[in-house]
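As written in Swiss-Prot, here are the features:
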type: ACT_SITE; residues: Lys99; note: active site, schiff-base intermediate with DXP
type: BINDING; residues: Gly160, Ala186, Gly187, Asn208, Thr209; note: 1-deoxy-D-xylulose 5-phosphate binding site
Amino acid sequence: METLQIAGKTFESRLFVGTGKFASSDLMEAAVLASQSRMVTVALKRVEIGRVEEDDMISRITRHPEITLLPNTSGVRSAKEAILAAELAREALQTNWLKLEVHPDPRYLLPDPIETLRATEELVRRGFIVLPYVQADPVLCKHLEEAGAATVMPLGAPIGSNRGLKTREMIRIIIEQSRVPVVIDAGIGAPSQAAEAMEMGADAVLVNTAIAVAEDPVSMATAFRLAVEAGRMAFEAKLGSVRSEAEASSPFTSFLNLK
């Protein structure tokens, strides 16, 4: 299976995971390790500047050097707030990597396309590696790519909804047109949905809620790992074409012509 490249960095896993909603830090760490993810997100709103080393959840991730910690700006409502949060994250966590989230609507948490694009342009100018969470809008994704985004991260469904790939047709267009990795972010609620995204040609998926709220998060993390691997392998193997009519896999012609 091909490795994933983002901003010149190689990732052996195409499953990214989040750290929210877990019942404990122990359970979160166990699930992350079971997932074999190499990119793990953490919300900036829970990072206390100057006391990062005392944060149990962050330390559980940073003690595994093979994992890249990806701070996210969840909770900001504008480009201005996102830029401030990004600079604080860079100071606190010593990283230029950033998952950009700008969603002013607290009910549906849908990303603001205008503020996201504005923030991306400025953050790229400041040297950040920006992975923006966006609506599944092919035109917006091209603008973000042109602005210097390292990936585009279109949603499958609203954050935490577990509703799957409700935007699949737009995602297909984004994958077809994109020259940067496409990471499906938000809404994936089952391993089968992650596999479908990978079969479509997505470069990676990000999963949090579906793992964290499962009765057995560690086993669910393993299931997502296997599903992502299977979906990617199927994509690389090239799926057969879809037909409207039946086609026998073992034609009877020779058998019927036997003398």
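Glycine is treated like the rest: Cβ placed from N, Cα and C.
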Around Thr209 (1-deoxy-D-xylulose 5-phosphate binding site), how many other C-beta atoms are within 10 angstroms of its C-beta? 18
Which residues, in sequence order, are found in the same chain with Cβ within 8 Å of the centroid defined by the Cβ atoms of Gly160, Ala186, Gly187, Asn208, Thr209 at the 1-deoxy-D-xylulose 5-phosphate site, excluding those residues themselves? Gly18, Ala157, Pro158, Ile159, Ser161, Asn162, Ile188, Gly189, Val207, Ala210
Mapped DSSP class for Asn208 (1-deoxy-D-xylulose 5-phosphate binding site), helix or strand or coil: coil
Given the binding-site residues Gly160, Gly187, which one is most crowded in terms of C-beta atoms within 10 angstroms? Gly187
Recorded positions listed as Lys99, Ala186, Asn208, least Cβ neighbours within 10 Å: Asn208
Can you give me the Cα-Cα distance between Gly187 (1-deoxy-D-xylulose 5-phosphate binding site) and Lys99 (active site, schiff-base intermediate with DXP) in Å, rounded to a whole number? 16
Out of Gly160, Asn208, Thr209, point to the one nearest the residue listed as 'active site, schiff-base intermediate with DXP' in space (Cα versus Cα); all of them are binding-site residues in the record. Asn208
According to DSSP, which kind of secondary structure is Gly160 (1-deoxy-D-xylulose 5-phosphate binding site) found in, if we only use helix, strand and coil? coil
Ala186 (1-deoxy-D-xylulose 5-phosphate binding site), DSSP three-state class -> coil
